[in-house]
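Step one of this worksheet: look at the structure below.
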Amino acid sequence: MRYQWEVRLYPGEECGVFAVYGHPNAATLATYGLYALQHRGEESAGIATADGKRPFRIHRGMGLVSQVFDSASLSFLSGQMAIGHVRYSTTGSSNLTNAQPIAVVCSQGELALAHNGDIVNASDLRARLEGRGSIFQTTTDSEVILHLMAQRVGKPVEEAFVWALDQTEGAYSLVLMTKDKILAARDPQGFRPLSLGRLDDGYVVASETCAFDLLHVEFLRDLAPGEVVSIDAEGVHTLRAPKPLDTAAFCIFEFVYFARPDSTIHGVNVSQARIQMGRELARLYPVEADLVIPVPDSGNYAALGFAEEAGIPFDLAFVRNHYIGRTFLQPTQLIRDFNVRIKLNLVQESVRGKRVVVVDDSIVRGTTARARVANLREAGAAEVHIRVSCPPHRFACHYGIDFPDPRSLLANQLPVDRIQSYLNADSLGYLDLDGLLRACGSPQSGMGFCSACFTGRYPVAFHQGLHKEILERSQLARLAAK
Ligand SMILES: O=P(O)(O)OC[C@H]1O[C@H](OP(=O)(O)OP(=O)(O)O)[C@H](O)[C@@H]1O
Ligand SMILES: NC(=O)CC[C@H](N)C(=O)O
Ligand code: SF4
């Protein structure tokens, strides 16, 4: 039987950005920062540096941080300022041309940009800019920001940056390097995280605080939704006023899956939030069982919370192979099934004859959950109950997570009872949105969340038909029309 969701899509991580101002080893710090953010993007990595005198130095490559940088590239990357990026492509194909940081020389001088998120009006902006003669180097959405800035001939770079961002809709947490400053910004909804820290006499900006811990950077604060800052020798200056946190639409899926558990976002620690998700889930869907096991890694903390709340023993019966990436993008269901087997193996002795609760953070296509139930049954588990620490994924994301086609989502195609039979589970329970919001500190924290992939309520309008290759395809269409 073939299902509609057996299409060539897989939700992946998203990008991580990092910046250093005022440190003699800026590139080395950036490399370590990118290591800490590797879970946000495994396709390409890059660093640009500046010393205020010579032209920017840039090194980018396809692959992991460990594959892209070596001692030769680090000694080439001299300067006291650096910005870095790890990419999971969401707009524009995954290739070296689209790797970030994107660097240009324009009317604003030298600029380098690293972006996390998706600009939903990039296609319109690009068409307008090309109509005025702009020549784009890449097919990413991110590049439009640089072209918009270049239009502000004779204006200060800070003003050009804010002017460009004011025309940009959707999700952006980004860092921009000029010859003597670092600028950083979050979109008004604050979809993606971005934090500011202090290291000696300099400053660091990173997608997640886990990158600060590694470098002993002192956490100063999260940038607020809508906030734009510049960092120079005089310190940090606000260029665009922050929006109140309760009007934000922070991506709740960052707490469920994307962010690293050791990061803290707007005062809420990610691992603690996941433990609470597990507790909420145990209250919502209790079950008589002998053992709670997580689907590692993202399911670990929710499983711990479930086990604690339910008073059921916890075990790490699935062993994860850490030499296969966090997630994978493969063309056929056969290869995906095989990769799921490589990724996780079962300690059969732990589950034989037991009633097992399996906790995962999310079910997207169902590949992982279905294979895990089959493993558990083969190993002789008496019962298999699945608990998922977020609501069913029914809708596409257009704000920086790569699941744009709802047909690829199991819960878009089947009701929950049929998902349970498809997975061959004895029971299935998803955390509801209220429980998820409570686990992420709402309403106490006052933070507003995006939950559009669960509810279909999109905080920022987007064009129907927005997809990863939109800029490539519209470019080809324009060429064909000539
Ligand atoms: O329903 P599916 O299409 O199989 O997708 C969902 C699975 O993918 C993710 O894991 P990932 O491979 O990213 O591993 P991680 O949890 O270790 O990061 C997620 O945690 C689920 O286990
Ligand atoms: N996942 C992301 O945040 C990617 C950023 C940008 N849209 C790109 O595709 O390069
Ligand atoms: S649609 Fe889902 S994944 Fe996308 S930003 Fe909103 S909560 Fe996050």
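Positions of Cβ are set from backbone N, Cα and C atoms, glycine also.
TrEMBL does not curate its annotations; it predicts them automatically.
What TrEMBL lists as active site, nucleophile is Cys15. The feature domain 'Glutamine amidotransferase type-2' is assigned by TrEMBL to 15-234. Annotation source TrEMBL lists [4Fe-4S] cluster binding site at Cys251, Cys397, Cys450, Cys453. The annotation Mg(2+) binding site is assigned in TrEMBL to Ser298, Asp360, Asp361.
The least crowded of the recorded positions Cys15, Cys251, Cys450, Cys453, judged by other CB atoms within 10 A of its own CB, is Cys450. Counting Cβ atoms from all protein chains shown, Ser298 (Mg(2+) binding site) has 20 others lying within 10 Å of its own Cβ. In three-state terms derived from DSSP, Cys251 ([4Fe-4S] cluster binding site) belongs to an extended strand segment. Of all the binding-site residues listed here (Cys251, Asp361, Cys450, Cys453), Cys251 has the Cα closest to the Cα of Cys15 (active site, nucleophile). Listed binding-site residues near Ser298 (Mg(2+) binding site): none (candidates Cys251, Cys450, Cys453; Cα-Cα distance within 10 Å). Between the CA atoms of Cys251 ([4Fe-4S] cluster binding site) and Asp360 (Mg(2+) binding site) there is a gap of 19 Å, rounded to the nearest whole number. With a cut-off of 6 Å between Cβ and the nearest atom of ligand 2, the recorded positions Cys15, Asp361, Cys397, Cys450, Cys453 reduce to Cys15. Neighbours of the Mg(2+) site: apart from Ser298, Asp360, Asp361, residues of the same chain with C-beta atoms within 8 angstroms of the site's C-beta centroid are Val256, Tyr257, Pro294, Val295, Asp297, Gly299, Ala302, Val359, Ser362, Val388, Ser389. Listed in sequence order, Val256, Tyr257, Arg274, Val295, Ser298, Gly299, Ala302, Val388, Ser389, Cys390 are the same-chain residues at least 6 apart in sequence whose CB falls under 8 Å from the CB of Asp361 (Mg(2+) binding site).
Here the domain 'Glutamine amidotransferase type-2' (15-234) has a mean pLDDT of 96 out of 100. Same-chain residues with CB within 8 A of the center of the Cys251, Cys397, Cys450, Cys453 CB atoms, the [4Fe-4S] cluster site residues themselves not counted, are Phe191, Ile252, Phe253, Tyr399, Ile401, Ser451, Ala452. The two recorded residues, Cys450 ([4Fe-4S] cluster binding site) and Asp360 (Mg(2+) binding site), show a Cα separation of 21 Å. Selection of the recorded positions Cys15, Asp361, Cys450, Cys453 by a Cβ distance under 6 Å from ligand 3 yields, in sequence order, Cys450, Cys453.
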